[in-house]
């Protein structure tokens, strides 16, 4: 850049992020009626609009190309940064009641009403543990009926290696070309339309919905343009105020196992969390849930179902699945697979493909196509086993207490009889990492003792850069650079393990992989867990090595 020349795109991005931070932290903006009565605020926004119209702070990204990389760059600009997330947490305001109203408005601006999404014949899935796996199972079952349902959409989060994984058709991520095409169709429609600031004070000219909301809009647009006959939607967080809850008439809803997670948004108790999850229930759409839910949570789910004038049915593990090798490993997946069977059954019966619904009984007879769908389900990063050279990698992106216990138990059972060296590769940057490590340790001990334990950041490359699809602004960059979390984890591990394992800290996933390759000449079993960011980054590192 020439000396003295201003970097307008960076200035603009900085201005917009700071403006957003002001809005998020200002009480008046959470209450539109207060905004209407404040002349100073109204004048400020009129002036801001004037600046936008002069192209001084107009979105700079509309002037760049429209490749897949451009789309990813534009999408990453919509992430909330760490400071904003912390500010929202500190306010203690868990209910942004404008969220769904804004989703309806964003939809209008790209040419849709919520009723347009009804044609997608949606399965809507929430829960704390296993909702992504259940969504994948359901999609795979429906995919066995290609003659009647030639295109099945699947919307899940987060992604592992590529953001395209979030929007799938017939189980495969949409192509880079289609992602870019549909992305910029949505982006440009938002640029060419405006909203009433009286009704939507957050939606200033040139602004966009946040990262997840934008992807939700993009998924609807993609699935409609691709003429999908049925779609499976996984909730992002919670349910009641999740952006996917713009879905007005799902065919069926599912709730996987409940647990404590995302407490700053959903509440600190299982009752509060269940209330949020039950927010996806709709009149006329039957709801199903797994057995052995926490009793307090199940009570709330039943109350929510009654309130929404629908039914809630507990699904037992089907005996017919006991000897079936599911496409996603782990004994606990039998419950998710059973739930998926009931969800798919509702869709297929409603579509006049199945004459009779499958009975919700442990002794029910499950059609062969359902079994094939469950066996063929592919879902990377969940109880995944990879052989790389002399080593065997056991990979699971567990990041909650319950999922960590399940994943650690799976690893313990898989390697209990193995005589190989045992290595743990762990990362968790934003949750209570030490508590997760304690859950892991208690689940594998005393049967499994690790020889080496490596704590890494979620940075992909040793150059300090991330794979473009894995850029995350949701963690403290200072903590990442100073390895604060990793050093804390080392102290905690040495304490609970009585200094038996050798502990290591790496600044990137690539360095962690290189370290593992040099630790031993003999084979090793490596357990990779703690976050999906770690799992995704490691798979990207593997891909680069395979290409070489």
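Note that Cβ sites are derived from N, Cα and C of the backbone, with glycine treated the same way.
What you see is a predicted model, and the numbers here were worked out from it, not measured in a lab.
Swiss-Prot annotates 130, 131, 132, 133, 382 as ATP-binding residues; of 116, 396, the candidate listed for that same site is 396. DSSP assigns residue 234 (Mg(2+) 1 binding site) to a strand. A C-beta separation below 8 Å, combined with a sequence spacing of at least six in one chain, links residue 234 (Mg(2+) 1 binding site) to 125, 126, 131, 132, 135, 155, 156, 157, 244.
Residues 130, 131, 132, 133, 382, 396, recorded as contacting ATP, have a largest CA-CA distance of 15 Å. A Cβ within 8 Å of the Cβ centre of 130, 131, 132, 133, 382, 396, the residues given for ATP, is found for these other residues of the same chain: 129, 134, 136, 328, 333, 336, 379, 403.
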